[in-house]
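Report on the following structure.
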There are 2 protein chains.
Amino acid sequence: MSIERELFITEVALRDGSHAVAHQYTTEQVTQVAKALGEAGVPYIEVSHGDGLGGSSLQYGLSRTNEMELIEAAVSVCGSSNIAVLVLPGIGTIKDLKEAAKLGAKMARIGTHVTEADVAAQHIQTAKELGLETVGFLMMSHMASVHKLVEQAKLLESYGADTVYMFDSAGALLPHEVKERIHALRQSLSVNIGFHAHNNLSLALANTLAAIEEGATRIDGSIRCLGAGAGNTQTEVLVAVLDRMGISTGIDLYKIMDTAEEIIAPILQAPQEITRDSLVLGYAGVYSSFLLHAQRAAKKFGIDSRDILIELGRQKVVGGQEDMIVDVAAELAKNKAIYSV
Amino acid sequence: MSIERELFITEVALRDGSHAVAHQYTTEQVTQVAKALGEAGVPYIEVSHGDGLGGSSLQYGLSRTNEMELIEAAVSVCGSSNIAVLVLPGIGTIKDLKEAAKLGAKMARIGTHVTEADVAAQHIQTAKELGLETVGFLMMSHMASVHKLVEQAKLLESYGADTVYMFDSAGALLPHEVKERIHALRQSLSVNIGFHAHNNLSLALANTLAAIEEGATRIDGSIRCLGAGAGNTQTEVLVAVLDRMGISTGIDLYKIMDTAEEIIAPILQAPQEITRDSLVLGYAGVYSSFLLHAQRAAKKFGIDSRDILIELGRQKVVGGQEDMIVDVAAELAKNKAIYSV
């Protein structure tokens with residue numbers, strides 16, 4: 001398989017950005033955004049609950065609108081763009097995937113924690129059988145060694161993924177760390193390499209440039225930076241910078257700027273910025289879902305929630321291990337008491 | 001003179017950030033911010049009108065509070081931090097500088113357009129005579145060749161500046177361009193090298209890291225990103241990232257985060273984000289003061305203001321040449337008419 005040299009951007013404001021609007025997108029909003037993105041020439045537009053198909057729940061946040069309705073609306077107006085859907089095995093099911101494909105989704109993006117690629121096998125195979133272009137991705141990639149990351153990426157490739165993405169889910173990586181990881185992936189895989197950044201350390205765009213320099217050809221962006229934490233790589237800014245560098249994305253710069261300014265910005269209740277909370281998440285390298293738990297535990301034990309988050313990052317605690325948050329808080333409070341004596 | 005190896009941050013939220021609040025800071029706000037910054041261990045805190053001492057005017061925006069009152073307030077609460085003032089010769093006078101020194105300012109930062117260092121000679125000499133630590137800086141540095149930049153920087157050094165800063169005033173530089181420029185300055189000068197970034201292309205932090213890698217030891221930051229255009233390098237994020245890299249700034253991470261979140265954020269009427277306007281300024285590489293003029297001219301001639309700004313950047317039009325904006329607009333409108341026939 002020949003490695004592609006062009007660059008393809010996937011716009012994630014209607015999926016990762018769903019976190020930033022508490023999953024309250026309306027069909028009208030999605031229609032308006034998807035139409036404008038299509039007209040701007042964005043090749044892929046992801047539409048799903050922030051946590052992927054099936055994410056609407058008390059645990060992950062209830063969607064205002066059934067995501068299948070949003071996908072159908074986006075498909076109907078996106079012109080020559082392709083609608084992508086996100087699936088996290090354990091949350092999204094094969095049934096969800098088939099339904100989305102039936103509604104006209106053309107790409108499936110199937111992700112797991114960086115050390116658990118094997119749970120994606122069945123979903124990737126089904127997506128391929130459905131005739132979908134298929135992305136496998138690894139989340140919280142800063143938590144794994146380069147060796148482990150490559151090993152897991154190769155699993156995704158072996159299941160049939162056309163593209164393997166590295167997600168910097170906590171926005172915790174520095175540019176030289178992205179370079180090292182993408183370089184290793186490029187050396188070891190024959191499929192397309194992709195990169196998804198978060199801006200918690202104000203490095204999303206720089207990390208994206210580092211990934212492109214090392215051979216990533218599939219890049220996620222989000223207009224007006226809309227996404228979980230401090231948001232993603234800001235698409236319209238990325239298009240402008242790549243244009244300055246002579247790298248074509250096929251996206252119309254003025255149209256993508258206008259979409260961000262005139263369509264997305266008015267939807268937002270609060271602009272995306274790097275707050276204390278999002279900075280701590282990036283600095284500690286932990287899941288954003290830990291934040292509220294850590295703040296509650298901090299209150300209970302009379303300590304700083306940042307100390308808890310940093311310790312959780314140090315111990316590489318992952319999603320699903322939320323019980324450990326109270327244990328860590330109790331331990332920190334005990335140590336604090338000892339040192340205060 | 002030995003080249004310093006430590007890193008010293010100058011916080012500019014009370015000067016460059018003044019643009020973001022339309023120069024409406026109150027004495028109470030400045031007191032609160034300067035006290036918190038002092039307690040966080042920030043070595044230098046700049047306090048002046050956004051366009052420097054004497055900037056309060058119809059042309060540059062009227063300050064709500066006399067800046068000398070703000071400087072005096074900041075000096076009285078900043079503890080072991082040093083208050084810096086900004087002077088743009090032509091706007092700020094020797095008299096202003098002497099008054100600020102008398103009130104307790106310890107550092108003068110004297111800047112010119114990147115090709116006009118010679119107008120700073122008298123101000124730098126006076127600042128030195130007043131016993132102030134003295135910075136000379138070159139604005140809009142992306143407009144000059146590396147050769148020209150070095151030539152002008154050497155002039156500032158020859159006038160007696162302790163430190164020479166490169167300002168990326170339009171946020172137009174890419175990391176490799178910053179590296180090349182700072183490297184050349186480090187090779188050619190014996191004084192400290194500083195760097196001041198803007199975030200219009202979402203690269204302020206990455207550009208700052210590039211400058212540090214090449215030997216810059218004086219860095220400007222702004223809590224909550226507060227500054228002209230899309231703002232500056234976000235101080236609390238920079239401190240976190242440098243901490244991750246093992247580079248000490250002497251600033252307490254939690255305290256600077258808290259100052260940004262609890263003191264600065266509530267002052268803002270609108271958070272600092274990369275809007276269409278600020279992105280266009282960075283992409284075109286032009287002064288922010290051109291924006292309104294270009295938008296008016298665009299309306300008059302029925303063209304897109306972005307085309308005007310990009311053409312102004314291409315022609316390297318500088319501040320003071322605002323008359324050219326209408327000429328450029330007229331020329332673009334004429335060409336558009338010809339091509340439309």
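Cβ atoms are placed via backbone N, Cα and C, with glycine included.
Among the features that TrEMBL reports, active site, proton acceptor is placed at A:HIS19. Taken from TrEMBL, the feature substrate binding site covers A:ARG15, A:ASP16, A:SER169, A:HIS196, A:TYR287. Annotation comment: TrEMBL describes A:ASP16, A:HIS196, A:HIS198 as Mn(2+) binding site. What TrEMBL records for A:7-257 is domain 'Pyruvate carboxyltransferase'. Annotation source TrEMBL lists site 'Transition state stabilizer' at A:ARG15.
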The domain 'Pyruvate carboxyltransferase' (A:7-257) [mean pLDDT, rounded to integer]: 97
Recorded positions: A:ARG15, A:HIS19, A:HIS196, A:HIS198 - member with fewest neighbouring CB atoms within 10 Å: A:HIS19
Inter-residue Cα distance where the pair is A:HIS19 (active site, proton acceptor) and A:HIS198 (Mn(2+) binding site), in Å: 13
Extra residues within 8 Å (Cβ to Cβ centroid of A:ASP16, A:HIS196, A:HIS198), Mn(2+): A:VAL12, A:PHE167, A:ASP168, A:SER169, A:GLY171, A:ALA197, A:ALA204, A:ASP220, A:SER222, A:GLY227, A:ALA228, A:GLY229, A:GLY231, A:ASN232, A:THR233
Neighbour count (Cβ, 10 Å) for A:ASP16 (substrate binding site): 26
Inter-residue C-alpha distance, A:HIS19 (active site, proton acceptor) and A:SER169 (substrate binding site) (nearest angstrom): 13
Three-state secondary structure, A:HIS196 (substrate binding site) (per DSSP): strand
Neighbourhood of A:TYR287 (substrate binding site) by C-beta distance under 8 A, where only residues 6 or more apart in the same chain count: A:MET140, A:SER169, A:ALA170, A:LEU281, A:VAL318, A:GLY319
Reduced DSSP assignment, A:HIS19 (active site, proton acceptor): helix
